[in-house]
Structure formats: structure tokens, C-alpha cells
Amino acid sequence: MRSVHFLLAFVLLALASSIASAFDPSPLQDFCVAINDPKAAVFVNGKFCKDPKKATANDFSFSGLNIPRDTGNRVGSNVTLLNVDQIPGLNTLGISLARLDYAPDGGLNPPHTHPRGTEILVVVEGILYVGFVTSNPDNRFISKVLHPGDVFVFPFGLIHFQLNIAKTPAVAFAGLSSQNPGTITIANAVFGSDPLISPDVLAKAFHLDIKIVNYLQKLFGGNSE
């Protein structure tokens, strides 16, 4: 039965990706500083291309996405992202794929954004409570409980999450509209930055006592140096 669910997930993601534009029109990294000397350049918008005559099937494939991942961490989830770093053939094609595993009864993929991509998610096992928040000034919270076979879209750049509310493990697959969509986990970015954001800034922004901010920064492993 799981093999049927696994196949269903890939069919749905394939249909979704065929409708969308399959090319990245925007940056594929956080920034790309111009440089006059090409010999000193490190990155391009994407990756350098292999001679097409030297491409092999291994450049376009990945094995093992059917294997459950370890969710024994603080949030109870594990994301296996297949982007251009894992499948070189994705370069310039504007798409990537992820397997998401959630621990029973509370496994969470915490609030985060993808700065370079829209996400479409299909649930294979478990029951997920999912949602996203719209941009200012409305900040509308749009949410839904998903069961196996249900699909949900997280629009480009918006904060979103998934929470497993079933007593059993949950599995989902997600397609993303970039070969390198990026992930910004909100709590990690705000309280675990390197170097740390000034506690005064965070205390005022979140209306918190500065002692609580200091505690959160230690909890998230922020680097004060």
C-alpha cells in the first residue's frame, strides 16, 4: 500500500510541475556581488554546466527517497531536500523535490520560508495540520488539516509550517519551484544568527524581556562573536 502512496505522490508532483514555468527567472542564491575580474569569480546564477555530451543518467537520478528518515531531534521532523546539489541535472530547470518525515503526535516542520520558491505538498501518511501567513498588513493565517492524498500549496516566500497531529509517523513529499529554493527557519534565523542580532532589537521587536531574548539566543545556538 505504501508503494501506491509513494507513486501517487510523484504523479501529483509531476502534474503540478508540468503546469508551472520550469525555469528560474530570479537569483538562485541569497546574493550575487558583481566582480570585474572573471578569473576571481566563484559563483554564477546557478552552477557551471557540464558538456552535454558527457552527461550520464547519474546526473539526473537519486536513489533512496523511499527510506524513512530519523526524526529524533528537538522538533521531531526531517527534511530530505533534492536540489541541484544532489541531482546536478536540475541545474537551470527550476524545480526541486523534498521528502518530509514527521515524528508521531507533534512532529513539526517549524515556521519557515523559501525565499526562492513556491511549495506544493502532498501527504502520503499521517495527518498534518498546515498553514501559512500572508504578508503585511493583513497577516492572514490560512490553515487546513490534511489527510493522505491531500495537497496544499505554500505561496512563494510566505511563512508556513506543518505539524503531525496523528499518533503515527507522517510522511509528505513537496515540489518546489526552484533548483535551489532556500530555507529560512524563522526562530533559527532570528535567535540563532551569526553574529547575534542585538538583544535590544529583538526585545523591542517581540515585546520580550531582554532576559528571555538572551535565553532564546543561547537555546538556538547563536554566536555572539
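Using the three backbone atoms N, Cα and C, a Cβ is placed for every residue, glycine included.
Here is what TrEMBL records for this protein:
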| type | residues | note |
| --- | --- | --- |
| BINDING | ASN109, HIS114, GLU119 | oxalate binding site |
| BINDING | HIS112, HIS114, GLU119, HIS160 | Mn(2+) binding site |
| DISULFID | CYS32-CYS49 | disulfide bond |
| DOMAIN | 63-214 | domain 'Cupin type-1' |
| SIGNAL | 1-22 | signal peptide |
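Locations of recorded TrEMBL features on the structure.
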residue : record               : CB count, 10 Å
CYS32   : disulfide bond       : 13
CYS49   : disulfide bond       : 11
ASN109  : oxalate binding site : 26
HIS112  : Mn(2+) binding site  : 19
HIS114  : oxalate binding site : 23
GLU119  : oxalate binding site : 22
HIS160  : Mn(2+) binding site  : 23
- Query: How many Å lie between the Cα of HIS114 (oxalate binding site) and the Cα of CYS32 (disulfide bond)?
  - Reply: 18
- Distance, ASN109 (oxalate binding site) to HIS160 (Mn(2+) binding site) (CA atoms, angstrom): 9
- Query: Considering only the recorded positions CYS32, CYS49, GLU119, which residue has the minimal Cα-Cα separation from HIS112 (Mn(2+) binding site)?
  - Reply: GLU119
- Task: Express the distance between the Cα positions of ASN109 (oxalate binding site) and CYS32 (disulfide bond) as a whole number of Å.
- Result: 29
- Those same-chain residues, other than ASN109, HIS114, GLU119, found with Cβ within 8 Å of the centroid of the oxalate-site Cβ atoms are ALA98, HIS112, THR113, LEU121, PHE154, HIS160, ALA174, LEU176, PRO181, THR183
- Query: How big is the gap, in Å, between the Cα of GLU119 (oxalate binding site) and that of CYS32 (disulfide bond), rounded to a whole number?
  - Reply: 24
- Task: Could you pull the average pLDDT for the domain 'Cupin type-1' (63-214)?
- Result: 97
- Residues within 8 Å of the HIS112, HIS114, GLU119, HIS160 Cβ centre (excluding the Mn(2+) site residues themselves): THR113, GLY117, PHE132, PHE154, LEU158, ILE159, PRO181, THR183
